[in-house]
Amino acid sequence: MASTAAFFVAKGTPAAAYTLDTLYLTQEDSILIMAPFSGIKNDVKARFACYADDWQDAFRVRFRILAPTIYIFLASALPVIAFGEQLSRETDGKLTAVQTLASTALCGIIHSLVGGQPLLILGVAEPTVIVYSFMYKFVKNKDGIGPSLFLAWAAWTCVWAAILSCLLSIFGACSYINRFTLMARELFAMLIAILFLQQAVKGTIEEFQIPTGQDQSLLEFQLPWRFGNGMFALVICSGLLWTCIESRKAEAWHYGPAWLRKFTAEYGVSVFVLIWTGISYAPSAHVPHGIPRRLSTLPPWSEGASESWLVVNNMLQVPLSYIFGALIPAIMIAVLYYFDHGVASQLAQKKFNLKKPSSYHYDQLVLSALILICGVIGVPPANGVLPQSPLHTKNLIISSKPVGKVKNNPNENEQELSSNMQPDLHDPSTLSEGPNVIVNIKLSMDQNGNDKSRAGGAIKPEVVEQRLSNILQSLLTGACLGAMPLVRKIPSSVLWGYFAFMAFESLPGNQFWERILLLCKTRCWRKEILKDARFKTVPLRTIVSFTIFQVSYLLMCFGITWIPIAGVLFPLFIMLLVPIRLNILPRVFDLGHLQDLDPIDQREATPTSEQNSSDGVDVHFSVGDDFTHRDKKVGGNGMFVDEEEAHVLYPRYADKIIEYEEAKDEVDDKHQQ
C-alpha cells in the first residue's frame, strides 16, 4: 500500500463542507489587527519550549551539520559580496562589501541566538541595494546634507523603519502573510530565481565591457583583451554552473565509491568554487594584470571602509526636515522587509516536514531591532532572503526511520517500489509528476547499489531543526572580513556562475516550475504522464489555464522590477494575490480544481456540527502540495500520513484513507501491466 495520502474533507464536493472563509483561515489568522502583543506572546511561548532542543538537535547529528553549514555559507556570502560591489559603485564607495558582510554576519548571529525561526537566513539583498542607491542619488547634490551626511540620513531612515516594523509586529500584521497560498509563495520564489539569473547574465555581459570609472587606456581594456576577458569569464561562469549542478546529483552516479559520491554531493559546490578560482590563475603569466577581473572590495580597516562605523556621531547634524523626510524611504523599507522576511520564513517552513512552531510576529520584532542596530552603525540592514532560506532547510533534510513496510520481494516492480517512497528534495534527477505537485523521488541506495527501502520500508525525510548551522555560517561570513585579501582573489565570474546555480537550485520542488515543464513536454510524453491516476482530479485544460495565469502574472511582476525605484515595491503586487485568490479565481475556476491546484490552508478549519457527522461525508483526495508540517486537525492539503498515523490522527476517516490508497495501488498496477 502506498504510504502517503494528502486529503481534505468535504460533503458532496470539496467546497461543500467549508466556505471559502472557513477553508482559508480562522481564529487569529482571520483578522489583520490583533490585540497588541498577543501574537508576539504566543510565538515566544511556543518557541521558548523548543529553545533547548534547537541546540541539542544540532549535536545529535554531529559532523553531518557541516555540509549544510558550508553550503549555505557560500550561498549567503557570495551574493552579499556581489551586492556590496554593486552598492560601492552606486554610492561612490560610501558602502562596500565590507558593510554588507558585516550586516549579514551580525544579523545572522543575533537571529540565530534569539530569533524565533532559526532556519531563516538573513542577508543584504538586491532590493536593499536598490533603495540605498536611490537614497544616495537623492541626497548627493542636496545642500545641507550631501554625500558626507548620507550614512547619517540612512541611519534616521532605519530608525523610522524599525519603529514601523515594530508596530507591525505588535499589532499582529504578520497574520496577513499566513494568508499566502502555495500559488503566491511559489510565484514569488520563481521571481527571485529569475532575478538571480538576470544578475548572472548581466554580470557576465559586463565582463565584455569597460567598468565605470576605469582608465580606458589600460591594456586590459583594449578590445582584444576585453573580448578575451569576457570569453574566459563565460567559460568560468558556465563551468561552475554545470559542475555544481552535477555535483548535487553525485549520490545517484553509477560510478565511484559510495564515500566519494556522498562527499561530492555534500561538499562538491564548495570544492568547485575553489577549483574554478584556481583555474582563473592558469593564464596569468601571459595576459595583462586584471584578466580575469576579480573582486575589488576594500579591507575593513581601510579609511574608506571604516567610515561608517561612527555614523551615530553625525546623526544630529542631519537637518530636521530631512529627518522627517526619511520617513518616506523608511515606509518602503518597512513594507519590503515585512513581505520579504515573512515569505522567506514561510518558504523555509511550509514546504518541509517541520515539527516546531513558526514565529512570524516575534521574528518581525527581532527584525525591527536588527534594522535599528544596523542603521546606527552605518551598515545596510539585513532581512530574510530567498532562495537561501528554503535552500538551508532543504539541505538539512536527513533520511530518518521508515514510514511504511515494503514487501521484500525481488520481483516487485519499480512502480510499486517508487510509490512507497517519500518525496526527497535533494535529487531532481527522477521526477514523479502530478497536477498539484511533481515531486522529486530519490531511491536510497546502499554501497552495493541495492535499494535500502526494501529491507526497512520507505525513507522518511526529516529536517534537523536547530540553530547551530545558522550561527556557524554567520560566523564564517564574518570571518570573510578578516580574510578580505583572500576574498579579493575570487574572480567576479565565479560570482555570476554561483548566482545562476542558486537560481536553478531553487527550482526543483516548485510546482509552478514543474507544471511549466509539463506543458513544454512533447505530446506523446505528456500523454503518458496524464495516465497517472493523480491527474483524474484536475483536467489538463484547467492545469494549462491556471499555469498560463501564473506565468502572465510572473512576467508582469518581473516587468515591474525594471521600473526605476518603483520596481522595489514589486512585493505589493505579490500581496495582491491574496484577494485575487479569494475573490477572483473562484469565479474563473471550479472550486474543487482550484483547491487541488492551489490548496487553501485548512488547518484551522472547523466543520459545523452537521458536517462533523460521519453520515454523507466524503473524503476527497488529491496530490499533496509539499512537505507540510503535521497537524492533529483534519485538513491541510499537503498533509502526508501513513496507515498507522491515519488511525492515530484521523480515526474517523482512517478507513477511507486506507481504502483510497488500496484503490490507487490497483490503478497503478493496472497501468504498469
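Cβ coordinates come from backbone N, Cα and C, glycine included.
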Task: Of the residue ranges 183-203, 225-245, the one that TrEMBL records as transmembrane segment - done: 225-245
Open item on the list: Below 8 angstroms Cβ to Cβ, which residues of this chain, lying six or more residues outside the transmembrane segment (553-578), approach it?
Closed with: 127, 130-131, 134, 176, 179-181, 183-184, 187-188, 190-191, 194-195, 332, 335-336, 339-340, 343
Open item on the list: I need to check the long-range neighbours of the transmembrane segment (150-175): which residues 6 or more away from its ends have a CB within less than 8 Å of a CB in the stretch?
Closed with: 25, 28-29, 31-40, 91, 94-95, 132, 135-136, 139-140, 307-308, 311-312, 314-315, 317-318, 322-323, 326-327, 329-331, 333-334, 337-338, 342, 360-362, 364-365, 367-369, 371-372, 374-376, 378, 380-381
Task: Composition by DSSP (helix, strand, coil) of residues within the domain 'Bicarbonate transporter-like transmembrane' (462-599) - done: 103 helix, 3 strand, 32 coil
Open item on the list: Quick check for me: are there 3+ Cβ pairs below 8 Å between the transmembrane segment (320-339) and the transmembrane segment (225-245), leaving out pairs under 6 residues apart?
Closed with: no
Task: Cβ contacts the transmembrane segment (265-283)/the transmembrane segment (65-84), at least three under 8 Å, sequence gap 6 or more - done: yes
